[in-house]
Structures are given as C-alpha cells and as structure tokens.
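As given in Swiss-Prot:
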- ASP9, HIS11, HIS43: divalent metal cation binding site (BINDING)
- 9-11, 35-36, 57-59, 62-66, 133-136, ARG143: 4-CDP-2-C-methyl-D-erythritol 2-phosphate binding site (BINDING)
- HIS35: site 'Transition state stabilizer' (SITE)
- THR134: site 'Transition state stabilizer' (SITE)
Amino acid sequence: MLRIGYGFDVHQFGGCRPLTIGGVSIPCMKGIKAHSDGDVMMHSLIDALLGAACCGDIGSMFPDTDAKYNNIDSRKLLRIAWEKITMQGFLLENIDITVILQIPKINTYIYQMKHHLSQDLNCSVTSINIKATTTDTLGYIGRSEGIACIAVVLLTR
C-alpha cells in the first residue's frame, strides 16, 4: 500500500531564536518567532509523515500549549513521530522538500540537512530531496518577513 503525505509550515522572522533549517543552524541577521526551535523543514516533514500514516498532525502530537515542547529541538520531535509511524509498519520510500525563503541562501547547507534527516529517519540520503526557492521578492517571504516549507513523503506498508 502506498501512502502520500503533504506538510506545510511557516514561521515569521523577528524572534530571538536562531534560524534552524533541517537541524542546521544557518547564519542570519533575523531570528525566528516560534514555540519550539522554529525549524520549518522539520515541522512540515513531521506533518507530511503523520498525514501519510493517518496519525493526525504536529499540533495535536506536540501541542504548543505544553511547556515541555518549549525550545525543543525539532529533530527530537521528528524521531518521536517517526518511531510512532514505523511501529505501524510503514517504510519510507522518499521525501521531497521545498524551502521557500528570500534570505539567506541555503544551498551550501542542503547536504548537512539531508544527512540529519537520513540519521533521524534511518534512511539513505538518496531517498531525500531538498531544494530552495524564493518568491522573487513577492509577499511576506519576498519582503524577508518569514520562511515557509513544503514537504511531500511517500510511505509504503
């Protein structure tokens, strides 16, 4: 059985948290506003994985009203969600992620991001595709007010 999941996340710049994408700290003059570490890649990926497995969403699994998730490393959340999903017999076929931001450029960090995901999901980096794009200065992302990420996953069981 094939199962497809789709995830989306967005965070506003302007907070005091460092910019973390895919578990990698990215130098940036603007911080992120968030309850956890604000890692849009991890958050959208968790939502995609949970969606494919029909296990709800990141907000119900890790509510921002629960203090134990304040400042938490989203890689830990990914590992917890993935353990729940694999206990149901799901296997990961592939991941396709698009990070949408005007600044900073992240292409030089993509290999590190893929490596983190492959470690956390116990899969090959060849099963993971990450790309970055801009909005050509349009909208809140184009004005460098925020960052967004879309993740699509294919699971089998």
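Here, residue 1 is simply the first one shown, and the rest follow in order.
Cβ atoms here come from the backbone N, Cα and C positions, even for glycine.
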What recorded positions in the list ILE58, PRO63, THR134, THR135 lie within 10 angstroms of HIS43 (divalent metal cation binding site), counting C-alpha atoms? ILE58
To which of the binding-site residues HIS11, HIS35, HIS43 does the lowest count of other Cβ atoms within 10 Å belong? HIS35
Around the divalent metal cation site recorded as ASP9, HIS11, HIS43, what other same-chain residues have a C-beta within 8 angstroms of the site's C-beta center? VAL10, ALA34, GLY38, ASP39, VAL40, MET41, MET42, SER44, ILE147, ALA148, CYS149
Which residues does ASP9 (divalent metal cation binding site) neighbour through Cβ under 8 Å, counting only same-chain ones at least six apart? VAL40, MET41, HIS43, SER44, ASP47, ILE58, ALA148, CYS149
Between the C-alpha atoms of THR135 (4-CDP-2-C-methyl-D-erythritol 2-phosphate binding site) and HIS11 (divalent metal cation binding site), the distance in angstrom, to the nearest integer, is 15
Of the binding-site residues HIS11, HIS35, PRO63, which one has its Cα closest to the Cα of THR134 (site 'Transition state stabilizer')? HIS11
